[in-house]
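Notes follow once the structure below has been shown.
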């Protein structure tokens, strides 16, 4: 009896009160459960009798989905179409639609009936789906410089609403200008799911600079974020504008080496066959861009060219220089000369460039070659001449030997440091090295020989006065010289006599110096009296003495 009363109250409320007319919107995800709130999920009214969900069918007529009595736990599903197995009601009276699809994009109405009121809340459902990642397909194999070509097609699938596609080059958006860039977009819908696929075709006029450009396609959708395709690069075809010839062999090029010439063109794809002009002779090479000269000589120096097979005017030129160095030295090897003779050294050189010449003597660098017009013993040695240009060096040499008859230049004596011995020194010049013979026995202290100069020393203890001779010999001749050597006693007496003589000579020199000074003084004094005309004061005897002294001859 109570439920009947409630039902009658509901009908009265439905007749008295007008339902609300405001329509809200809810976004559902494709394939997910769509939640449609009733009155934005607010608290249920007091005296609730039941809640009913209904919808607008495709033909515009209303259709019932379910009713939930306030006193019952379960709702009664009244739908007979596809919603029968997909709809349910939540505890807050929200409508739950399982496995949402684009067919659910319609208006759903929640009717709330209580003892005091009847309200209807309409909600429009929209179903969104994020598109698949964008993919560039049907790519062009290559692009031609200056020619409008379809670069590729960008595709995204299964989206709602449809995605927008944007083409970019090096992250810069490409804009359709109707001439050099043309972008054509189309949208297709799946007949079953209703989902949209978007495709965009790009026609692009490439330039040479695009050889390293990267093209991408960006998909923009309300579900965000933006999705970007994998970057694509394309070979750019363009004709040759410049030919270049390179000498790839290591510089400098020397006689006997191989020289490789390489011809390159800036076209793409690059030409693979060329004409080489080898000093006026045309040589065609196919399927390669190099030509090799084997075992070059100085005669191969000259102008070389290369050009395209179909265009001889477009060519490149290189001058090839083969480096060479010819050197002749006179004399070479071992050279034997006598001291005082003349030696003429001549160096002849022929080179592809200015040659640098350096001389060394016995491994020591010389500023210049010595003057050999009058050879000395010090001129002997190994002379090496290095002549070089870049990459080439020649070394020639001669070993000069200067010979001469021995000649003694000095024979001296002095006491040893302890004063008990006499040291005789005999110095001589000659080559080969002279041998020495002394006329007395003694101790040979040292022998040195350098640059044709020999030094011999002999230590003796003479017991009497001696005459010592030094004899030097080599294969060319000999020389001898003598020196007197006194015993220690005689030498001491001689030294004392020398001291006495020195003292006497010193006294005589001092006396002469005093007399000279006195004479100069008297002479100056007399000249002073004549000049003044005055008579000197004094006796007549003093005047006579002065007069006599003036007439005496100087001693």
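In case you wondered, yes, glycine gets a Cβ from its N, Cα and C as well.
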**Report entry** 479-499, 500-520 - the one Swiss-Prot records as transmembrane segment
**Finding:** 500-520
Query raised in the report: Around residue 92 (N-linked glycosylation site), how many other CB atoms lie within 10 A of its CB?
Result: 14
Query raised in the report: Relative to the Cβ position of residue 470 (disulfide bond), how many further Cβ atoms are located within 10 Å?
Result: 23
Report task. Tally the residues of the domain 'Ig-like C2-type 2' (319-397) by DSSP class, grouping H, G and I as helix, E and B as strand, and everything else as coil. Result -> 3 helix, 46 strand, 30 coil
Query - Residue pair residue 38 (disulfide bond), residue 426 (disulfide bond) - Cα distance, angstrom, rounded - result: 138
Query raised in the report: Of the recorded positions 92, 154, 441, 465, which one sits closest to residue 263 (disulfide bond) when you measure Cα to Cα?
Result: 154
Query raised in the report: Under a criterion of Cβ-Cβ distance under 8 Å and sequence separation of at least 6, what residues of the same chain contact residue 306 (disulfide bond)?
Result: 243, 245, 261, 263, 274, 275, 276, 277, 291, 315, 316
